[in-house]
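Going by TrEMBL, these are the annotated features:
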type: TRANSMEM; residues: 20-40; note: transmembrane segment
type: REGION; residues: 41-154; note: region 'Disordered'
type: COMPBIAS; residues: 62-79; note: compositional bias 'Basic and acidic residues'
type: COMPBIAS; residues: 80-121; note: compositional bias 'Acidic residues'
type: COMPBIAS; residues: 122-138; note: compositional bias 'Basic and acidic residues'
type: DOMAIN; residues: 136-227; note: domain 'DUF1510'
Amino acid sequence: MNNNRSSRHENKEKKVNRLYNLLIAVVAVLIVFVGGTMILGNKDKSDNQAETTQNNPQTNDQKTDKTAKKDDDSSKDDQATDDQSSEDDQSSEDDQSSEDDQSSEDDQATDEESNDSDSQAEVEKNPEPGVAERKVDPSWDSVGTSQDAPAATYKKGSTDWNEMLKAVGEGSGISPSNMTVWRLGNNGGVGKAVATVSPKGNSSTKYRVQIEWVDGEGWKPAVVDKLQ
C-alpha cells in the first residue's frame, strides 16, 4: 500500500518536472524569437537609414544648387539695381548739369543785354538846375496801343492815360501799380507828354519822364530826368 503511494507520488513529480521543463523550453524559444526579431528590426532600420543617407546627398546637392541659383539670381538683381541706380544718378547729374549750363547761358545773355542797354544809354550828370541825372536810351520800346492816335485828353483812367503811364514806367523803372503821379500833361504837342512820378511811399525820389507817340506802336519814353 505504501509502495503504491510512493510510486504515484514519484510519477506526479515527474509530470510536474516535465511541465516545468516544457515551460522553460517554450520561454527560451520565445526569448530567442523576440531577440532575433529585435535584432533583425534594428538591422533593417540601419539599412534604411544608410540607404536614405546615401540617397540624400543628391537631394542635398539639388537643394544646394537651387540655393546657389537663387543667390546668383539675387546677386544679378542687386547688380541690375545698382546699375540702374548708377544710370539714374548719372542721368540726374546730366540733367542738373544741363540746367546749370542753361541757367548760366541765360544769365550770360541777360548780362549781355543789360550791358548792351547800358552801353547804348546816354547818361548826363547835372544837365540843368534841379536835375541830378538825365538819361536817353535808344533801346526803349513803345508799349503798344489799342488806339489809332493819342486822345490828348489826359483824363485819369482813360485808355490813353493808362498807356502813357506804361511808357512812363518803362522809362523810370516804376510799375504803374506802385507809382505816385504828381503830374501828367502836354509837352508841346499832341504826340508829346511829360509826367512827374515817384515810387509809392518814397516821395523824395522823383522822376520827370518825357514820352512820345509812335504811330501804330503807341507811347515810348524819350528822356528821363532824375530830379534833385
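Placement of Cβ uses the backbone N, Cα and C atoms for every residue, glycine included.
Per-residue confidence over the domain 'DUF1510' (136-227) averages out at a pLDDT of 96.
Broken down with DSSP, the domain 'DUF1510' (136-227) shows 17 helix, 38 strand, 37 coil. Away from its own ends, the transmembrane segment (20-40) comes close to no residue of its chain (no Cβ-Cβ distance under 8 Å at least six residues beyond either end).
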